[in-house]
Amino acid sequence: MSKFQAIAQAVKEGNVNQIDANGIKVYPHSLSESGNVKLVMVKDGQTKLILAVGEGPLFDELQGTVEGGIKACPLTHENRLVINKYFDYTVPRAFGTQVATIGLGDRLGIASPGHIKTVRGRNVRPILAQQSIRELNLTGRDYKQVVDAACFAAFQEGYKDGFGADGDHLKVEADIELALGLGFTMLTLDCSEYIDNSIEGSSAADQAAKYNALSEEIRKHYESRYLNQTFEVAGTSITFDKETLIKNVLIYGPAIDFMEHIFNKYIKTAAREIDFEISIDETATPTAPESHFLVAKELYARGLTIYSMAPRFIGEFQKGIDYIGDIAQFEKELIIHAGIADDFGYKLSIHSGSDKFSVFPIIGKYTKGRFHVKTAGTNWLEAVRTVAKVNPGLYRRMHQYALEHFEEATAYYHVTTDLSKIVPLDQVADADLADTYMNENNARQVIHITYGILLQAKDAEGKSLFKDEFYSTLSDQEEAFEQSLISHIGKHLDLLGK
Ligand SMILES: [Zn+2]
């Protein structure tokens, strides 16, 4: 007799809402059917499984152990591919430019069910899988696991509106090939290594000398198209005098060539739709409207079509905290950036977009609701918030460790954290941990950027210091974690007008 007998019976009857499953949790939205096979996802202890009953190729192709006619299938990569084959809503997809999307980087691989519950019924589509190589290195995960987690979440929640998978901030061709080969549907091309950040601070004479060292062909190309010409964009006019043109060609020229190369080699030739995003946000200074325009104009002149572009906006978009800067100036420039994107037909993409509550209404308004907003670390912070509420002892140990290792983490992320503003742990009661620290910018940033250090921390015997207990706490309290995400990401979407 299988311990899943009662559930299997309910699955056959299509009535999984009613069952008392003896400590085994059933995910009722996962109930699904193909041919004569019915499936449901359950959680036995802390392990999620898919139970299959019936007979047919789907039953046979899934790997698992059969007992009493019920096959219990672990959430492996192989089983994910089988689920993908029979249920197309579990396959990541591209969205094109006409619908708003939100990137929901899930560093832990357990946030997607909560994300699906957040976006369900809203006029926005989720990019559930979204990780950069840096994040993979810091969390010890790989791209297969990232996509697997998203696909299984869509299956668990029976989410049929579609989700994407973003190879985020990819810089090198090997990673691009890997991500596209694994079915990623969005590619965020990080052009930072081709953007010359030294130009901005150099003298006009130096710039002119560098420019004159370019081939005549390149100089002619840009001069014939832009020099002393005026373009009307988004209610404003953009003119390229010699100095402006020289500067932009020097900063962005090689990056534009790189974008063209990647597009022609991978995007144009792909047998499926890919949402191709250009990221020029990791630069020394904000992207001037004329720079944004020149990059876009060049790309379209060279036959590229893009899904979205991420300029660097004026002010500070630091991780996990609200916008820092002059909101009126931000609005003025956003109107132009959004207008350029609109003229060419792509979406504006907002990186480090989490928690920018004071500018979300402006973004929603001027993009006319066609935007891509990326969030990542804030989802990890909601996981930590949940742990602070339900397992204060674990939170305290993580907090202490994060403070001690904060300096190391600043090598990876730019933040302006003031450690002296963080209330000492011994002054905060258990019940106040979540609000005291997860609502305070300095503490948020400490926890935000130390995720890799915390997840990898080991004791003298090589046992994980936090990771295992962190995951098991969130598994036991998955509803609490989901509620945190629904509330926090929901607030983002409310303010963005979605
Ligand atoms: Zn970025």
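Cβ atoms here come from the backbone N, Cα and C positions, even for glycine.
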Site-mate of LYS319, HIS351 for divalent metal cation in TrEMBL, selected among HIS169, HIS488, HIS492: HIS169
Recorded positions close to ligand 1 - of ASP168, LYS319, HIS351, only those whose C-beta is under 6 Å away: HIS351
Residue pair HIS351 (divalent metal cation binding site), ASP168 (active site, proton acceptor) - Cα distance, angstrom, rounded: 10
For the divalent metal cation site built from HIS169, LYS319, HIS351, further residues of that chain with CB within 8 A of the site's CB center: SER132, ASP168, ASP281, GLU282, SER352, LYS374, ALA376
ASP168 (active site, proton acceptor) and GLU277 (active site, proton donor), Cα-Cα, nearest whole angstrom: 9
Local Cβ density at HIS351 (divalent metal cation binding site) - other Cβ atoms counted within 10 Å: 23
GLU277 (active site, proton donor) CB neighbourhood, other CB atoms within 10 A: 26
